[in-house]
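Structure in C-alpha cells, see below.
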Amino acid sequence: MTLAGKRSTNWFYGVDSIRFVLAFIVMLSHFDNVWAESLKNSAILPVKLAGAFLANAFDGTSAVIAFFIISGFVIHYPCKGGIAHVGRFWIRRFVRIIIPLALICIAGSAFNHPEKTVTWSLYCELIYYAIYPALLSINLSWKNKFILSWLVAAVFILVAAKHDIFALVRQTGIGYHGYYWQFGNYFTWIVGLPCWLLGVLIAENIDQAKEIKFSRLQGYRTLVFFVSCLCSVAKFHAHLSYIISMNLFALLLYKWIEAEISYYKNHSPYSSLERMGKFSYSLYLCHPLVFLLLKRWLIIDNATYILFVVLTIVAAYLFYLVIEKPSHKLARHINGLLFSTD
C-alpha cells in the first residue's frame, strides 16, 4: 500500500513501534542486569563473554538520541509549511508532556528523584518545542541549520567538556564524567539539538524517499545495535564519553530511522508494537520510580527479573490511561476553547 493509502493524517506507521523499542531499551538500561552479572561470574569463558556482551546490549543513551531524532521528525513533518498558530502548537506539545512530567517529579520527590535519570532529555524536548517556531522562521535551509547547530555543539563540548576530552586522550579516569547529560537540564539541549534537527531533515525528505528492501533495513538495525554496544563498552573501558560519541553515532541513527520510516510507508508494522508504542512516553517517564518501588517489595534476581519487566510495563500502561492520555485530551480541549473559530 502506498504512503497516501496508509496515512490519512500526518502520521507514519512504524514510528510508535520504534518508540516502544527505544523506551524498552532505556528501561532495561536502568534495571539491575542480574542475568549479565550471573553470566559474568561463570568460570566458563564463553559464558563470561556472553555476560559481558549482555551487560552492554541495552544502551539507554543511544536510545535517547534516537528519540531526539524521532521527535524532530514528528514535530516538523506536519509543520513543514509553517505553523498557523504558535500558541496552539505550544499548548498541544507542552500540556501533554508537562502534566505527566510534573506528577512524576512530585511523586519522585519522596524517593530522592529517581526520575532524574530520564527527565533531563524531556527538558531538552521542551526547549526544542519552545524554539522550533523561531527555527522555522530562520531563512536558512534545514541542512545548514543542522550543520551550524552541530558546529556550535562541538565548540560547546570542546570548551565545557574538556575534562572528558583530556580523559580520552590521556586514558585516565581523573575528571572523567562520561555522560551525555553532564550539562544538566538547561544546557544539554545545546548538545542534543543537532540530533533533533536530523529528525527534521528526515521529515523534509521522507516524501521523496525511495522504497527500501527489508534486507537493507535489517542491515541498518544490526549495525546500529552493535555500534551502540561499542559505544557502551568504549564509555566504560576506553574513556570515550557519550558527550563525544553520541553526536557522531547520531548520523548512523539518522540513516537507520529514515530507513525504518521509508520501509513502513509500504509495509505494515507489528500491530502489537504499534499499540504499545502509544504509551512509550509513560514507560520512559515512570520506569525509574516503578523500579525503585518494586525493589522495596521484591528481590530482583534471575527468577524475578522478568516479573520486574512485566510489572513495570503494566504500571506504565496504567499511568498512560490515567495520566498521559487525559493530558492529550486536555491539550486538545484547551486548544478548542482558545481557538474555536479556527
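In case you wondered, yes, glycine gets a Cβ from its N, Cα and C as well.
Please treat TrEMBL annotations as automatic predictions, because they have not gone through curation.
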In TrEMBL, which of 218-236, 275-293 is labelled transmembrane segment?
218-236
Please check if the transmembrane segment (12-31) comes into contact with the transmembrane segment (305-323), where contact means 3 or more CB pairs closer than 8 Å and the residues in each pair are separated by 6 or more positions.
yes
State the non-local partners of the transmembrane segment (94-111) in its own chain: residues 6+ outside its ends, Cβ under 8 Å from one of its Cβ atoms.
119, 122, 125-126, 129, 281-282, 285-286, 288-289, 292-293, 319, 323-324, 327-328, 330-331, 334
Look at every Cβ pair spanning the transmembrane segment (51-74) and the transmembrane segment (147-166), keep those 6 or more apart in sequence, and say whether at least 3 of them are under 8 Å.
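Not in contact, no.
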Mean pLDDT, the domain 'Acyltransferase 3' (13-320)?
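Here the predicted model's pLDDT, averaged over the domain 'Acyltransferase 3' (13-320), is 96.
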Let me check one thing: do the transmembrane segment (186-206) and the transmembrane segment (218-236) come into contact, meaning three or more Cβ pairs under 8 Å with sequence separation of at least 6?
no
Taking a Cβ cut-off under 8 Å, which residues six or more beyond the ends of the transmembrane segment (218-236) line up next to it in the same chain?
53, 56-57, 59, 61-63, 178, 242, 245-246, 249, 252-253, 255-256, 259-260
